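*Asks:* Pasting a structure below so you can have a look.
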Amino acid sequence: MSKKPTVLMILDGYGLNEKTEGNAIALAKKPVLDKLMKDYPFVKGNASGMAVGLPEGQMGNSEVGHLNMGAGRIVYQELTRITKEIQDGDFFENTQLIKAVENCKKNNTALHLFGLLSDGGVHSHITHLYGLLELAKRHGLENVYVHAFLDGRDTAPTSGKSFMEALEAKMAELGVGRIASVTGRYYVMDRDNRWDRVEKAYAALVDGEGVEAANAVEAVAASYAEGVNDEFVLPTVVVKDGKAIAPIKANDSIIFFNFRPDRAREITRAFCTDDFDGFVRKSGRLPLTYVCFSEYDVTIPNKSVAFEKVSITNTFGEYLAEHGKTQARIAETEKYAHVTFFFNGGVEAPNEGEDRILVNSPKVATYDLQPEMSANAVADKLVEAITSLKYDVIIVNFANPDMVGHTGISDAAIKAVEAVDACVGRAYDALLSVDGQMFICADHGNAEQLVDYTNGEPFTAHTTNPVPFILINYDDSYTLREGGCLADIIPTLIEMMKMEQPKEMTGKSLLIKK
């Protein structure tokens, strides 16, 4: 039998930083947490970048942190998932991408690659286009054309020219691909049914009509000279001997490498819908092999999807319910959605046997005015839940280090950490009184850096710092391994509870024999 209850305590925004300047966690008097880190197994865990499914070097956040924890696996966003598949090589075996390539081989037709030429990472990423060019090269395709949509919103307003030059260099290096047209996202990525804009983009792509230029870099330079930046570049076709070099024709293949749906739908409708009524298509719907990077809209026909959405099944909450275990989720308002909706993989409804205990956050303009927030009331509910012995598992979040950390006010953040430390002490005493077990962690850093080390200004964002993992009152013959991440926490709890990890969870338990 395992000990009961098993408590997962999340100290929101409690990161670990070796510098003490602007570090509310180092500057706070926190006798309880200091003692627990000394007396019990303690390691640093990774809560940012690829370790939580975000781009390398990107700070973690509460939504992503709780999603990864509850899932017991790294949950990759589309951006990182596709990037990772390119790195791992799975990308080059993707069934739908291969289908587009094979169609070109069979019909001796062109492969058109279009999407937002940008490293903004919001709608697309230029490295994904490079992956597609590599795919075309591996298959020996010769008629490969890029239709570049220029950004200037998620990137600098005139960065398009440098992206274009980088793309030209990559195509020269690979020996495959030519830029056939250039269009500002204003025209081709509308999302408000402004079909007059989309029509201009479509005319350039299919009919070879629009502003004419000898090459893409020249087209962009000319647009800048007119005072028109990336977002608003008029649909422009690259011409040779007065004719567009590569209008899209029947039986061609298109791969649209935007992964965010909202601004990819309209142009996709224009290509794929049989009874399209946004504007008149001169040739009607062209028969094409049209592949979208993600599912833009299930109602759009005549297309396929390269990267289907991954649903998160068998989260920790589901798993506990399936095994007849009881669970409590406790948080104040600010973090209530995180310990419920996000922890459950984006599912709103509670699981069987899951009690949700909400404590109202204080009604103040900013939390530096009340840095203790509602931590004491959360601790009251937590102590009550522990000592009731009603629950097999209790998941609790203390919001203070994050919410007060966001104000950038050091004195308040120090008080916030001290308030939480006292609450941890109360929970620890209650836990020992019933011989329960606990794992303390954080979802990302924040309160440990309240100053920008480059310029001395207040720093109010999350960080990429590691977070604490502390194992409380489990089994003295075990310790924790280094190098873990948030996805490893639930597999650890499952082992602590002497249960079997489900196959959907790919995180690895942090427990190791001493």
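The chain as shown is numbered from 1 upward.
Note: Cβ is positioned from N, Cα and C throughout, glycine not excepted.
Pulled these from Swiss-Prot:
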ACT_SITE  Ser62  active site, phosphoserine intermediate
BINDING   Asp12, Ser62, Asp443, His444  Mn(2+) 2 binding site
BINDING   His123, Arg153, Asp154, Arg185, Arg191, Arg260, Pro261, Asp262, Arg263, Lys335  substrate binding site
BINDING   Asp402, His406, His462  Mn(2+) 1 binding site
*Asks:* Take the C-alpha atoms of Asp402 (Mn(2+) 1 binding site) and Asp12 (Mn(2+) 2 binding site) and report the distance between them in angstrom, rounded.
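*Replies:* It is 5 Å, counting Cα to Cα.
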*Asks:* Least buried of the binding-site residues Asp154, Asp402, going by other Cβ atoms within 10 Å?
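*Replies:* It is Asp154 that, of the binding-site residues Asp154, Asp402, has the fewest other Cβ atoms within 10 Å.
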*Asks:* Restricting the comparison to the recorded positions Asp12, Ser62, Asp443, His462, which residue's C-alpha is spatially nearest the C-alpha of Pro261 (substrate binding site)?
*Replies:* Ser62
*Asks:* For Asp402 (Mn(2+) 1 binding site), what is the secondary structure by DSSP, using just helix, strand and coil?
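*Replies:* Where Asp402 (Mn(2+) 1 binding site) sits, the three-state DSSP reduction gives helix.
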*Asks:* Fewest other CB within 10 angstroms, which one of the binding-site residues Arg191, His462?
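*Replies:* Comparing Cβ neighbour counts within 10 Å for the binding-site residues Arg191, His462 gives Arg191.
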*Asks:* Measure from the CA atom of His444 (Mn(2+) 2 binding site) to the CA atom of Asp154 (substrate binding site) and give the result in Å, rounded to a whole number.
*Replies:* 25
*Asks:* Compare the Cα of His462 (Mn(2+) 1 binding site) against each of the recorded positions Ser62, His123, Arg191, Asp443, His444 and report the nearest.
*Replies:* His444
*Asks:* Whose Cβ, among the binding-site residues Asp12, Asp443, has more other Cβ atoms within 10 Å than any of the rest?
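*Replies:* Answer returned by the neighbour count: Asp443.
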*Asks:* Need this for a regression test: binding-site residues His123, Arg263, His406, filtered to those with Cα within 10 Å of Asp12 (Mn(2+) 2 binding site). What's left?
*Replies:* none
*Asks:* Over all shown protein chains, what is the count of other CB atoms within 10 A of the CB belonging to His123 (substrate binding site)?
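*Replies:* Other Cβ atoms found within 10 Å: 25.
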*Asks:* Find the one among the recorded positions Ser62, His406, Asp443, His444 whose C-alpha lies closest to that of Arg263 (substrate binding site).
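*Replies:* Going through Ser62, His406, Asp443, His444 one by one, the closest to Arg263 (substrate binding site) is Ser62.
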*Asks:* Taking only same-chain residues 6+ apart in sequence, whose CB is under 8 Å from that of the residue listed as 'active site, phosphoserine intermediate', what do you get?
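*Replies:* The answer is Asp12, Gly13, Lys335, His338, Phe342, Asp402, Asp443, His444.
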*Asks:* Other than Asp12, Ser62, Asp443, His444 themselves, what residues in this chain have Cβ atoms within 8 Å of the centroid of the Mn(2+) 2 site's Cβ atoms?
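*Replies:* Here the nearby residues are Ile10, Gly13, Ala47, Gly60, Asn61, Gly65, His66, Lys335, His338, Asp402, Ala442, Asn446, His462.
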*Asks:* For the binding-site residues Arg263, His406, His444, which one has its C-beta crowded by the most other C-beta atoms within 10 angstroms?
*Replies:* His444
*Asks:* Give me the count of other Cβ atoms within 10 A of the Cβ belonging to Pro261 (substrate binding site).
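*Replies:* Step by step: centre on the Cβ of Pro261 (substrate binding site), count other Cβ atoms within 10 Å, giving 17.
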